[in-house]
Every structure is written in C-alpha cells, then in structure tokens.
Amino acid sequence: MTQADNQNPKPMVLIILDGFGESDETTHNAIKEANTPTLDKLFRHYPHTLLEASGRAVGLPDGQMGNSEVGHLHIGGGRKVPQDLTRIDAAIASGEFYENPALIEALEKAKALNKAVHILGLLSPGGVHSRDNQIAALVELAHRCGIKKIYLHAILDGRDTPPKSALLSIEKITDQFHAYGNGKIASLIGRYYAMDRDKRWDRTEKAYDLLTQGTAQFHAPTAKEGLMLAYEQGNTDEFVSPTSIHRHNETPITIEDGDVVVFMNFRADRARQLTYAFLDDHFTAFNRQVRPKLSAFVTLTAYAKDIHAAVAFPPLELHNTLGEYLSARGYRQLRIAETEKYAHVTYFLNGGQEAPFNGEDRLLIPSPKVATYDLQPEMSAVEMTNKLVEIIQNDDYDLIVCNFANPDMVGHTGDETATREAIQVIDDCLKRIITALQSVGGEALITADHGNAEKMFDEKTNQPHTAHTSNLVPLIYVGREAQFCKEVGALDDVAPTLLYLMGLEKPREMTGRNLITLK
C-alpha cells in the first residue's frame, strides 16, 4: 500500500519503553522473568521486528552501548546523527582537540593570571555522559599550555559502569598527573550528588559546596584512599559521599576567584544543575555561600540556551525532525513523560530544539521523590497512563509520544526483583493504553531507545549489572494488517516508518527507511 492509499489513524501513539532490550538469556533477565501477559500477546499477534540501538547504528563507536539521549535523537531525527562522543574522540585522534579555540582561550587566561584550571567531569570509561580518555586529553592540553595547577574534581560513575570500577580510571589519571608533576585529583563525589537532573537541589548543593568550600564528609590523602574509604562505608561509585583529597595538614583545594573551570561531560541533561549553580546570576535553588568570580567557564558541549558559557563543541543542527515535519503540516502532537525522561521526549526527540514546535503540547508527570527507584519501581507510570488514556479518548492529537522510564531507571539500581516489578507495571499500563486506542481507532508503535533491564547481573565482574546494554530493541506495530521487512532495522528507521503509517512521505533529510508494508 502506498502513502496515497493509506488512511491516517488518529491518534498514532509512539510508546518508548526506556531501557527495554531483547535478549535470549533468561537468567537475570528482568523482562523475561516478569509476568507480562500484554507484551506476550502483542508479540504473538502483532507484527514486530528488532532494531539496532548501539554502536555505529546510532552514531557511536563500534561496540558502544546506546543511551537515552542518543536513542531519542535517532528516533525523532530519522537519520544517523554523529554523536558527541564520536566527534570529540575523532578530534583527539586528529589533533584538532588540542587546537580547540574555546579550550585554548580559557587555558591561556589561567596561564596569564597564574590561576588554577579545575576540570569537572564524570571520570568513567562508560561513554554515556563522558569518557575518561577525553578528560586525560584535556589534562594533556593544559600541560602543553604550561598550566602549573591542574585539578580534577572527579565525579564517579557506577551506573553506566560496574558499581565498583572507578579505581582503574583513578589510577590512570593519577599516573598522568605524576608524569606531568603539575596537578592532582582534588575531590571525589558520586554522580548521585553531582549529576542530579530531577531538581533534587540538596544533592547538587553538596557537590557545589565541595567544589567551592571543600565541605566534605570525608578527607583522604590520595584519591585511591578516598575511594577505598567510601567502599568501607558501604558505598558504590555512584554514591560516594563528598570527599576532599589532601594531606592532613593541608587545606582542601577549591575553586577560587580568577580560576578557570572546564566541565567535561558531553551529555547535557545531568550537567545542567551544577552548571547553573556556578553561572546563574538569579540562582535561588539553594544558598551559595561562596560564588567564585571565574576567568572562564567552558562546557564541552552546549548544555542549554540560558547557560552562558564558552562551548568547546557546539551542537550539530538537525532540520525536519519528526516533530518539526509534522508541525509544518499542521498536525497536532503531544509529548508526555515523567520527569526523568521528559527532556528525552521533548528536547532530544526534537533534535536539540528547546522550544516546542507549533501544535506541540507537552505534559510532565513528576517522578516520585525517592532516593533510588528500586524503592518505588512503579515510579509514575500509572499516573501517566491515567492521563494518557484520558487524552486518547478526547481525540485531540494526531501523534502522541510517551516514554516509560521504569525499565531503565529501576534497571540502573541493579535490583532484579524491583526491575521485574517495574516491567509488570508497564505491562499493565500497555494493556490500558492499547484498549483505549482500539476503542477510538488509534494505533501504536512500541519500541525502546536502548537495552538495560534484560541484563541485571554481570558474570564477568560478579556484580549487579547497572549499565545499558548493546542489545537490539523491539519495534511492535499495533494497528492494521501489515508486515515488517526481514532485515534488522535501526532507531533512525522509526520516524520514516511512523510517517508511512500516518500516510506521509518522509522528508529528504531523513535517511532512515520505512520498515513496514500495509497489506
């Protein structure tokens, strides 16, 4: 059937199950272990296929696991988008990184004033928010520029990496500092505090006070000893308490007037809150007892339009994304998600566009205020489904995009039982959504942005698996009689497929392909 013959269903709902990968493994697979009558029925009775969601298929290096930002960019973009990880690694390999104007200008200011350069960043090989080789490249660049005081304030991962795996990265960068003789790791803190994105400002405040005042629950003479101290307290990397690294008779190293700060996270969403604390003149989220007057603050990528900082790698602009294309044709669309994934169905799905397009409404369902989501694995899925069912029945939108955060956010805790419960909640929600859609003649495409919940234990490290995976993800069509092509697709094929089902040609900017044929 061609687009011309295709009757536009209303509404079309794109359901993104965040962190829902496909694996034949049944052991430690929370998806396979869960009781999922709705998903079982969908896979039995409706056309479905599998999609690549990692590596080169989503603009990342070979073997690099996907993530929510990359996944939504490709789902909404309908094309391969070179990712910041790949761009920056390529710049390091070519030498362009060491000539980057924003970095060079900031480092020269520090040198001229004989001030310190403070590097903030997730010290991790994970490649989701940062990569430790890029931090090492900046240390090398600062050394080349003749900076005498280079301080790394290391945020620790344990979420996109095994829970206790920071030591290798710490040892590598410590060896580099020893070789240069002009810097050190000045502090440690878990990403739980320094990289909150859900307005839990008390966590951000702890990170800010550590950086600006040296306020720390723990002190240690070396970063390795600080990490071991955290492990003794029962903390994994993600939850390392603020720890200042200095000898007993020395004062903490802090960010002071005239210093230069470079934030080396390339993913924006979890870097924003801490950046606002430094740069926002009208900041009110907590009381900044100290606010250093910096010579420069550089972000590796652009974090937000209202963050006024030098940017080392400005974003690539995407035109005619799914949202923009539908908006230009007068289609009404809704984006709905809970707090943890709201930016993904709005900003990232729109290719980095902050403001909604004409005809695009947005609905934010607050995520529950709990320390970790294994404590409330249902999160806000039921509340979101209640609203979604009501909206479907009102028949106001041509396209609705929703994201269920549970498989990813609960999967990140490493709690297999809680993740299984999360999957079962999602299954119940899907039943209600599909029932509502079928009552009004609507249709659904169900997919995921990357894997996670299908692997809850790592046999190699003998630790809970808290990171994403490189597994394929499903694509299920709930609607008219149709057949998917036999070849495995990729996330950039979702938008062209969706447009075909809505009776529209894809724009020329979309290089992804339609994967389905209506009978």
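For all residues, glycine too, the Cβ spot is worked out from N, Cα and C.
Taken straight from Swiss-Prot:
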- Ser68: active site, phosphoserine intermediate (ACT_SITE)
- Asp18, Ser68, Asp449, His450: Mn(2+) 2 binding site (BINDING)
- His129, Arg159, Asp160, Arg191, Arg197, Arg267, Ala268, Asp269, Arg270, Lys341: substrate binding site (BINDING)
- Asp408, His412, His468: Mn(2+) 1 binding site (BINDING)
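Of the binding-site residues His129, Arg197, Arg270, His412, His468, His468 has the largest number of other Cβ atoms within 10 Å of its own Cβ.
Of all the binding-site residues listed here (His129, Asp408, His468), Asp408 has the Cα closest to the Cα of Asp18 (Mn(2+) 2 binding site). For the substrate site, whose binding residues are given in the record as His129, Arg159, Asp160, Arg191, Arg197, Arg267, Ala268, Asp269, Arg270, Lys341, the maximum C-alpha distance rounds to 17 Å. Within 8 Å of the centroid defined by the CB atoms of Asp408, His412, His468, the record's Mn(2+) 1 site, lie the Cβ atoms of Asp18, Gly19, Asn67, Ser68, Arg159, Asp160, Pro407, Met409, Gly411, His450, Asn452, Ala453, Thr466, Ala467, excluding the listed residues themselves. Take the mean position of the Cβ atoms of Asp18, Ser68, Asp449, His450, the recorded Mn(2+) 2 site; other residues of that chain with a Cβ within 8 Å of it are Ile16, Gly19, Ala53, Gly66, Asn67, Gly71, His72, Lys341, His344, Asp408, Ala448, Asn452, His468. Note on the binding-site residues Asp18, Asp160, Asp408, Asp449: the fewest other CB atoms within 10 A surround the CB of Asp160. The Cα of His129 (substrate binding site) lies closest to that of His468, out of the binding-site residues His412, Asp449, His468.
By the criterion of other Cβ atoms within 10 Å of the residue's own Cβ, the least surrounded of the recorded positions Ser68, Ala268 is Ala268. Just so you know, the Cβ of His450 (Mn(2+) 2 binding site) picks up 28 other Cβ atoms within 10 Å once every protein chain is counted. In the three-state DSSP scheme, the residue listed as 'active site, phosphoserine intermediate' is classed as helix. Separating the Cα atoms of Ala268 (substrate binding site) and Ser68 (active site, phosphoserine intermediate) is a whole-number distance of 12 Å.
Candidates Ser68, Asp160, Arg197, Arg270, Asp449, His450 (recorded positions) were compared with His412 (Mn(2+) 1 binding site); those inside 10 Å Cα-Cα are Asp160. For the binding-site residues Asp160, Arg197, Asp408, His468, a Cα to Cα distance of within 10 angstroms from His450 (Mn(2+) 2 binding site) holds for Asp408, His468.
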